[in-house]
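Only one structure is covered here, and it is reproduced in the block below.
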Amino acid sequence: MMVFRLLKNYSLYFAWLTALIATLGSLYLSLVRHIPVCDLCWYQRVCIYPLTILLGIAAYRTDRGVVKYALPLVVLGFLFSIYQYLQQMIPGFAPINLCGSTSPHCSEIHWEIFGFITLPFLGMLATLIMSFFLIMAFYSLDKRLAN
């Protein structure tokens, strides 16, 4: 019960920390390790990077109303991630080609561990974790308004 209370009270901080780790990790991989960034990766970044600032400010101010603005970005980032992951893991899965001709193809795997963990998989994982914490923040907001 104490762990649940801790997660509920600090859910915005945990969501912000997840966004921060995802942002810094993607910047490290592209700027330091020089892993090429495809178009779908850029779309995922567009969804995740603003969350680092939004969730950081919201966590500092304990503004749980940010969930209404952050959750759509998280869901959109998840959709881009799962689409790219399916493109990488299922040969021939690409009904819609979202990659341009100047960037690397979105189905190319540039980094992989254990045979299934790729960069889009980590993006999916980060968005699922953020969704969990944002939903916890939303429901703790409802409880506070009811009291």
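Backbone N, Cα and C define each Cβ position, glycine as well.
Swiss-Prot lists 9-28, 43-62, 69-86, 115-138 with the feature transmembrane segment, giving sequence analysis as the kind of evidence. Residues or ranges marked as disulfide bond in Swiss-Prot: C38-C41, C99-C106.
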Largest tally of Cβ atoms lying within 10 Å of a Cβ, found at which of the disulfide-bonded residues C38, C41: C41
Intrachain neighbours beyond the transmembrane segment (69-86), with Cβ under 8 angstroms and 6 or more residues off its ends: 15, 38, 40-41, 43-44, 47-48, 50-51, 54-55, 58, 93, 98, 106-107, 118, 120-121, 123-124, 127-128, 130-131, 134-135, 138
Residues of the parent chain within Cβ reach of the transmembrane segment (43-62), under 8 Å, 6 or more residues beyond its termini: 12-13, 15-16, 19-20, 22-23, 26, 37, 69-70, 73-74, 76-77, 80-81, 84, 98, 120, 123, 126-127, 130
